[in-house]
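Attaching a single structure in structure tokens format; questions to follow.
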Amino acid sequence: MAKNFNDLFDAWSETYDQTVGGTDVEYKEVFACYEQILDEVAKRSKGYIVEFGVGTGNLTEKFIKNGFEIYGIEPSEGMRNRAKEKIPNVTIVEGDFLTFPIPEKKPDTIASTYAFHHLTDEEKRKAVALYSEILNESGKIVFADTVFINEAAKQAIIEEALRNNYNRLAVDLQTEYYTTIPVLKKIFEENGFQVTFNQMNTFVWLMDAEKRRENE
Ligand SMILES: C[S@@+](CC[C@H](N)C(=O)[O-])C[C@H]1O[C@@H](n2cnc3c(N)ncnc32)[C@H](O)[C@@H]1O
């Protein structure tokens, strides 16, 4: 099982929607264009969707508005409760990226926003291998998360955060498992996906990974 961040997210659940709206100056740029990022993930998703780390249900709500059937997975009870208040009739179960009740139907899309960095790179590799098995043959993964083009870019952003006295952001970037595009590209390709990366703001990249067919 991945590292447990539940205390942090239970506490944050009450004010999370204000943070994504830009009230926290340290995280303003991380959440810049938040609605557009979620819209783009929703637009690129298809069919029956499994969503990891649903949080307060903002992406889930967009999926529902677009008419999709959703199976949500979220480890924090506080976050699950906020999401259930917002979207009462949606299935949201307790679980994380690696340990979760497998849905009865094979998903067409596995989606997630602002959450995959909670796994170490080794755990990310295990998760993508697992998703390759449980997805439909022509299934896809659509993630948006903070990623860096390389380690030097990551260090430069951490130094800038420290210069701005954004100490919570700097600690977050140093202690969670933010990775680089080459690492993620390798993980997806080794597991039979063809992946594209599109930058959405200074921090967040959209990853769109399609399963390659046998003869490709
Ligand atoms: C920054 S919030 C993002 C919430 C929502 N997806 C959004 O875009 O607003 C990160 C979410 O990931 C969840 N999370 C933390 N560790 C996780 C893990 N190992 N597996 C799945 N979700 C996790 C947290 O509980 C939290 O709800």
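Numbering starts at 1 and runs along the chain as it is shown here.
Each Cβ is built from the backbone N, Cα and C atoms, and glycine gets one as well.
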Quick check: of GLU29, GLU74, GLU122, which does TrEMBL put in the same S-adenosyl-L-methionine site as GLY53, ASP96?
GLU74
Do any residues at least six apart in sequence from GLU74 (S-adenosyl-L-methionine binding site), in the same chain, have a Cβ closer than 8 Å to its Cβ, and if so which, in order?
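Spatial neighbours, sequence-distant, of GLU74 (S-adenosyl-L-methionine binding site): PHE52, GLY53, VAL54, GLY55, ARG80, ALA83, ILE92, VAL93, GLU94, GLY95.
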At a 10 Å cut-off from the C-beta of GLY53 (S-adenosyl-L-methionine binding site), count the other C-beta atoms across all protein chains.
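A count of 25.
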Rounded to a whole number, what is the top Cα to Cα distance in Å among the residues the record ties to S-adenosyl-L-methionine, namely GLY53, GLU74, ASP96?
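For the residues that bind S-adenosyl-L-methionine, the greatest Cα distance is 7 Å.
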